[in-house]
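This report concerns only the one structure given below.
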Amino acid sequence: MKHLLLAVLAATATASHVRCREIMDSVIPPGDAKYLVAGQIKYAFGEPHQEGAIYQLCDEHGNITCFEEDGTADTETDEVVSCHRAKAKRRLGVSTEHKRALWPHATLCYKIDGRFTEHETQLILDATHTIASSTGVAFIEVDTCRGSYHSSELCGGCEHYVSITQEPNKRGTHSKVGYQHTAGQKLNLMPKSFKRGKGTIMHELLHSLGVSHEHVHPAAEAIVLRDHKLAAGRNNYVPRREAFVTQYDIHSIMHYHNGVCLPKDKSVKYCAIDENEDDGCVLPTEADCDEEATQVLGQRNGLSPGDIRNLQLLYDLPTSVTMQEVKV
């Protein structure tokens, strides 16, 4: 059964004091138990946007609910599962190593499967052209791929592709992250995706190419306001703590605007959405936000120089943007 994660909001000061005991294995002494606060999310197995990963969410009543990932970004929903499943996976030693899935030869195969209007279809094609011409990655329609001279080298013999659809469902606009080695990996674009031109389409296409959200960058300056309405499920706000290839970019098309802000005081260590005061940080509130500086976050006008450089480095393509040209 699917549930809306956004329904779980720690919207009051009282809720911020609610604590939930983390799930743990029976071999861990009760005295060593750790706690989450209302609105906090923490992974029990795996990591963000990894298919099969399981995360726990503390609600305002002090209850823990576990959800299982299916490798999709920007969705508001994930499947509720028994927290015992995470324990079983850990005990079995199932690998949690996450390797960024890149398309062979920097070429993404796609098929437009949805009933889009002529205008919407043109915006999709414009989005692929803009990314390709700016970065050097390639997009090819899967049927065209099958008739090409290099068909055996691309997209698993042209059998693997992104299916671009417009299916009304609880997940809304979303995309699988990176090359999934499957036929018809999902990229769903709802009608409102087209209201801002091709920006949201490019955001989702970059996810399909394997690009993460910018606000989860290890060096991100933006702080997450967990007591606000978020743009998507809370797992979309969990920081990635491995090294990224480029510096943090507040102008990135991959950055969210809802639920995040740039702080007035950058010297304060604010808690990420998977942390609380026990981790030696301060829970951020709206009073900590620099409203004027925050306006830059979440633009969907086009690729920033940082977006271009990031994708080129990710796919080992010649770079057309220097580090100095990436605005900070």
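Glycine is no exception: its Cβ is also placed from the backbone N, Cα and C atoms.
Bear in mind that TrEMBL entries carry predicted annotations, made automatically and left uncurated.
If you check TrEMBL, you get these features:
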type: SIGNAL; residues: 1-20; note: signal peptide
type: DOMAIN; residues: 90-318; note: domain 'Peptidase M12A'
type: BINDING; residues: HIS203, HIS207, HIS213; note: Zn(2+) binding site
type: ACT_SITE; residues: GLU204; note: active site
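With all protein chains in the displayed structure included, the most crowded Cβ environment within 10 Å among the binding-site residues HIS207, HIS213 is that of HIS213.
Applying an 8 A CB threshold to same-chain residues 6+ apart, the list for HIS203 (Zn(2+) binding site) reads ASP74, ILE253, MET254, ARG300. Between the C-alpha atoms of HIS213 (Zn(2+) binding site) and GLU204 (active site), the distance comes to 10 Å. Here the Cβ of GLU204 (active site) has 23 other Cβ atoms within 10 Å, regardless of which shown protein chain they belong to. The residues near the Zn(2+) site, meaning same-chain residues not in HIS203, HIS207, HIS213 whose C-beta sits within 8 angstroms of the mean position of the site's C-beta atoms, are ALA73, ASP74, SER175, GLU204, LEU206, VAL211, SER212, ILE253, MET254, in sequence order.
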